[in-house]
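Written below as structure tokens is the structure these notes are about.
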Amino acid sequence: MQQFPHLNFSEKIVGRARYNGGPRPSQQTDDNKNNRTGHSSFLTGKTSNLKQSWVEHNKSRQEKNLAPLNPEIQPIFLQINPDLLADIQFDLENLNIEIISQEDNGFIVGASLDNLRTLEEKISGFIDSERGTGRIADLWQIIDGNREDWKPQHILSPELYEKWNEIDDNIDYHVEVSVAFDKPIKVSLNPDSTRYQSQLDKFNRLQEERDEKYFERENGFEQFIGHYKAELTSSIIDLGDSFACQVRISGKGLKDLVVNYPFVFEVAEVEQLETVTGSTSEETDFNLEIISPDNDAPEVGVIDSGIQENHRYIEQAIKTVNSKSYVDGDTSTSDKVPNGGHGTKVAGALLYPKGVSQLNSPYQLPFFIRNLRVLDSNNGLRNKFPADLLNRIIQDNPDCKIFNHSINSTQPFRLKHMSTWAAMLDTLTHYNDVLFICSVGNISRQIIKHYIQSNNQYPDYLEEPFCRVANPAQSSFSLVVGSVNHLDFNNDNWNTIGIKDEASAFSKIGTGIWGMIKPDVVEYGGAMQISKDGAILVSNKDTSIELIRSTLNGGSAYGQDSVGTSFATPKVSHIVAQLKKLYPNDGVNLLRALVVQGARLPNNHFLNPNATSIKHFGYGIPSLERVTENTEHRITFYNTNNIEAEQGQIYTLKIPDSLRGQGDDYNILVEVTLAYTAKVRRTRQKTKSYLSTWLEWKSSKINEPYNDFKEYVLKEIEQRETSYDRDTRSELSNFEWKIKNRTNGNVQGISRNNSTVQKDWAIIKSYNLPEEVSFAVLAHKGWDRQKEPVPYALTVSIEILGADIPIYEEIRLENEVEIQVNS
């Protein structure tokens, strides 16, 4: 039994959350209301032009041998009052327009489902203030320009858009296509209602109608691309509000798909995977006695290039009956990547995160490894759609809950929509309670050399767009891992690029999509060195970490010949699996929260973090000891729970008098981490629109009584409306959280609320500690009208810094009764 385990605490009270702020009045909208005739005339002119253009276009399609289209369904590009998008449930159904893609500044790519008739009726009625037409004032403009101009600009990936004018009608292109189908069921189910059965009947009827429309959309898409004899090279993946697939299609068909097919919202070239190569290694061996894992130890899935399963350092961790190859035409699960393999090195780093040469014998393997081979001998996917592949893997392995995913695209993530690959990771995480630990992606030696030769020095070149987090590491719910240097040196011929505990020269950096904090954490994945002879040679010859190697093609069973975020990632997976042994029945949010809770920024970044700190390190380097247990100088409380939209849940910890003595002057560290998952939708942008429900945490102010904080964060408790004294509260001091919940805090440009793992920390003098400190978890309404509860985990740690004073037992005893209190 652990001497200083994490302690469970439960919420003290639950109520309806209070939210501050709201949309501001819009001058443009007010002007439109005051000039109804002029605004209506302006919009009517636009719709008339669009309708005429669409009629002429459809007449010419048959002559040009283009695929048939429904003339009633017309693409449209418009701008609305951006403040309306603060309402996550906003739609344009009253105009009979389906939102295909939400863009910046209120611009929307849409599809009119009745050839603009409903829109024209509303515009006409707006003049006389007819009921149901008020929203026309928020319709700022309709763009009637050429679709060949605006649609590719908003639909294509940046890489494909650059090539767009060179697309040849007669050449086939391999692309990934995403098609919108955002048809939420707008019926709320309340099991406590006397009308529940009628609600349920209506819900089921609408669900059947939705399914029929989905298959109609899917079949229509297949018929459209079939006109061009396109080949579906993957399954069609359903992602809730959209579906996606990979297609090989002629340039002529691709142009028509992008410009005229009304429901497409993203088209990108199929991405290539990055490769991490090793080198030959001299024969070495180490006489280590290895003991099999405990029978009840967890099994970690390694989604990679296969594993040398008979390797002396690995074989006892493999259950061969569970191994499987997903490589087309190759049932072997062996690691065929030359120069020591790739999956074998990843598996070795999972089992031996600090290498083998310094271990004491005997060594018991900590857990089992499940070999899930997806990459061929060239570290490539053979005609596989990653989203489809991952879905199959999870369905085939329902008993496996932790997956190491050291695979990335060569390209940085796209800025607008969550990719299908990343969205599938998020979907599988939420619905199957699995955790993917993903690498952040690597910058090749050639690219590093190019930057330095161009006088773009380390670490400045890390800010280049190409060095942005690589797809799918922008995944919201995955635990994403970057790399830091494990050493530094400077001799006559070479010096390391960066010093110890700085970002590795090859490690891509954040932030992630929509300002999410990515990577989540970092680990030691090796370093790079640069020559001093003027040739600017970039090498990892003396800067690699010790890894297990495949010996299928000869060489050593272990060695130091490779670096990469691929190998930093399994070191974090090792920590996650150790946590799973301690909390076998808890969900992935507790694993995410405790890993981040046990991470710490290196050097001065911890005390004085800035945007660079967070971009390079996320929340820092996790310590196995801090993640899994405490000391007599540190105590951690945690809870896992579910919460509904518009609900708040409060937790409270009491601080012993002995820690708050006015004569004492100790630094007390308070750390808080919230982790959660929710349903997602790809067609929208920004975290709060992507998620069905989004959460945040708030703390009481210093010396704010529990009852006052409760009244502040909860608008209603047990059907009683609450109120609070705004002036009194404003006079209290805040905890000086390092990141804060807004982008204009200490860490400029970064808000913890943009992420689904939200950590912050504050250091307070012991004599300023309050008698109690409270934390509220607040659930904000998203696009899910059912208000389905979302799971979360909350962790709170208190630690005394730089003083040999025990606090664990005192705080535990002070809170022993409180911990048991429920609402």
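Cβ coordinates are placed from backbone N, Cα and C, and glycine is handled just like the others.
All TrEMBL annotations are machine predictions without curation.
What TrEMBL says about this one:
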ACT_SITE  Asp304  active site, charge relay system
ACT_SITE  His342  active site, charge relay system
ACT_SITE  Ser566  active site, charge relay system
COMPBIAS  25-45  compositional bias 'Polar residues'
DOMAIN    299-620  domain 'Peptidase S8/S53'
REGION    16-45  region 'Disordered'
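Sequence features annotated in TrEMBL and their locations in the structure.
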| residue | record | Cβ within 10 Å |
| --- | --- | --- |
| Asp304 | active site, charge relay system | 27 |
| His342 | active site, charge relay system | 30 |
| Ser566 | active site, charge relay system | 31 |
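The secondary structure of Ser566 (active site, charge relay system), as reduced to three states from DSSP, is helical.
In the three-state DSSP classification, Asp304 (active site, charge relay system) falls within a strand. DSSP assignment over the region 'Disordered' (16-45) gives 18 helix, 2 strand, 10 coil. Taking CA atoms as the reference points, Asp304 (active site, charge relay system) and Ser566 (active site, charge relay system) are 10 Å apart. Here Ser566 (active site, charge relay system) is positioned 9 angstrom away from His342 (active site, charge relay system), judged by their C-alpha atoms. Model confidence over the domain 'Peptidase S8/S53' (299-620) is summarised by a mean pLDDT of 96.
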